[in-house]
Amino acid sequence: MGKTLTLNSPPSPDGEAPPRRSLVLYQFTALLLTFLSYAAFHASRKPPSIVKSVLSAHPPFDGPSGPHRLGELDLAFLSVYSISMFFSGQMADRTDLRKFLSLGMLLSGASTAAFGLGYWFDIRHLSFYFLIQVFSGVVQSVGWPCVVAIVGNWFGKSSSKGAIMGIWNSHTSAGNIIGSVLASSVLEFGWGWSFLSPALLIIIMGFFVWILLVVHPSDVGFDTPATEIEMDDEENIAGAENLNTNIANGDGEEATLLGIDGVKAEFDSGSGSDSDSDSALAQTEAIGFLDAWRLPGVAPFACCLFFSKLVAYTFLYWLPFYIRHNGVSGQQLSHKAAGILSTIFDIGGVFGGISAGLISDRLSGRAITSILFLFLSIPSLIIYRAYGDISMKHNIGLMFLSGYFVNGPYSLITTAVAADLGTQESIKGNARALATVTAIIDGTGSVGAALGPLLTGYISTRGWNSVFLMLILSISFAILFLINIAKGEIISKMDEAR
């Protein structure tokens, strides 16, 4: 077995690392800004679901084909979003994350506001709304790879990553709640205002991110995580030890000015000859798209998220419409009341995401936790469909339970799982792979997210029981993709217990 040697990063220019308290402050700031920025992204996506019932009386979404066209509009956004996600992940690994994220937020705000112009200018052409949604899909795809990569930079391989990510990923539900409340509260003044208010929110947040966000600890003088290199012969061990000595001592101007990249070049030119050492030191290079797909666990979790996100986004885009048309206690709710009531699902999702993160940390099993939540979401959906309209108390309680179990695995896979897979040992902890892996997982999930609302637009015309059957089948497929990984986690736990 080869010897593991730690290659340390160069010290800060003044020779002293910043105090621990400052590090915690920067970590908290990065966590807060990325939380608020992605909450703003989700808030700006919420208006279409809030105004669906109103749009169904507005050309070109009126008439018997109205639900079909609304579903196709969701498809336009989500399909482009899912495709663009793969490219955004690659760009995020190769560009300034702060500028890239800020630009995505500003353009997302512009596209959301542009959709609302259809109200004030009485635009009745489907192509206008279609093109706006296509553009929105492109610019909205910037957000997720960026925020996950930034959080990964600051928290690395923390032992409590699941809990941290579970709490942090409540930005999805928080954004849905904020977007629902903003869009619903101004809907009575005209549906255009439901788009303008979330648009202003994300634009303002975009400027805050541009001014305040620090992308990486090294940008403010903190040491970057050490690099672990597997060495199989004494010559390479000696060569790497010399590199550590040069870095630690600041061997002349060369070590100070060139830092780790310069030392890598020196190592390549003759200090070490083993190709494995070269590849380990080249960890800052971005990983290829196909190489990221081949990483262990990426494909199964991506396929699981395809079906899990299909279910979550069906609720995201159609729940207010469902509540409005099915009523509660035999009474039909107003557009505003239905929109605000739908936030209960997202509140349940907040607690579900946090719980999934905590449980997965406790069990050290991401797949086991995901399967547990997915399995329990099936009876929760059946009960909500059967008894949710009996009374307001039944509706709130069962909707909360459904959101808890549906959003739990969705939250876990898109955050802690993606971060784990993007920094796993098979790529030597290459942080530059994180945005690409995250984009692959969430991009694949977004394909399912595009399919769910589209199918709902067609299937709902035949009855909502058929829609819930589709959701239950989707959850069942999601479970199947994780069975082998869960088996591996169980076997690993049993081996550790021996």
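Using N, Cα and C of the backbone, Cβ positions are placed for all residues, glycine too.
Summarising the annotation, TrEMBL assigns domain 'Major facilitator superfamily (MFS) profile' to 23-490.
TrEMBL lists 23-41 (among others) with the feature transmembrane segment.
Here the transmembrane segment (100-121) has long-range neighbours at 37, 40-41, 44, 47-48, 88, 91-92, 128-129, 132-133, 135-136, 139-143, 146-147, 150, 190-196, 198-203, 205-207, 209-210, 213, meaning same-chain residues at least 6 beyond its ends whose C-beta is under 8 angstroms from one of its own. According to TrEMBL, the transmembrane segment annotation covers 100-121 (among others).
The annotation transmembrane segment is assigned in TrEMBL to 127-155 (among others).
Under the heading transmembrane segment, TrEMBL lists 193-215 (among others).
The transmembrane segment annotation in TrEMBL covers 298-319 (among others). Residues of the same chain lying 6 or more positions beyond the ends of the transmembrane segment (298-319) and with a Cβ under 8 Å from any Cβ of it are 45-46, 48-49, 52, 74, 78, 176, 292, 342, 345, 349, 366-367, 370, 374, 377, 402-403, 406-407, 409-410, 413-414, 417-418, 421, 437, 440-442, 444-453, 456, 460, 467, 471, 474-475, 477-479, 481-482, 484-485.
Residues or ranges marked as transmembrane segment in TrEMBL: 339-360 (among others).
Here TrEMBL flags 367-387 (among others) as transmembrane segment.
Residues or ranges marked as transmembrane segment by TrEMBL: 399-421 (among others).
Positions annotated as transmembrane segment by TrEMBL: 433-455 (among others).
Taken from TrEMBL, the feature transmembrane segment applies to 467-486 (among others). With a cut-off of 8 Å between Cβ atoms, the residues of this chain six or more beyond the transmembrane segment (467-486) that come close are 297, 300-301, 303-308, 310-311, 314, 318, 365, 367-368, 370-371, 374-375, 377-378, 381-382, 385, 409, 448, 452, 455-456, 459-460.
A contact between the transmembrane segment (127-155) and the transmembrane segment (339-360) is absent, since fewer than 3 of their C-beta pairs, 6 or more residues apart, lie under 8 Å.
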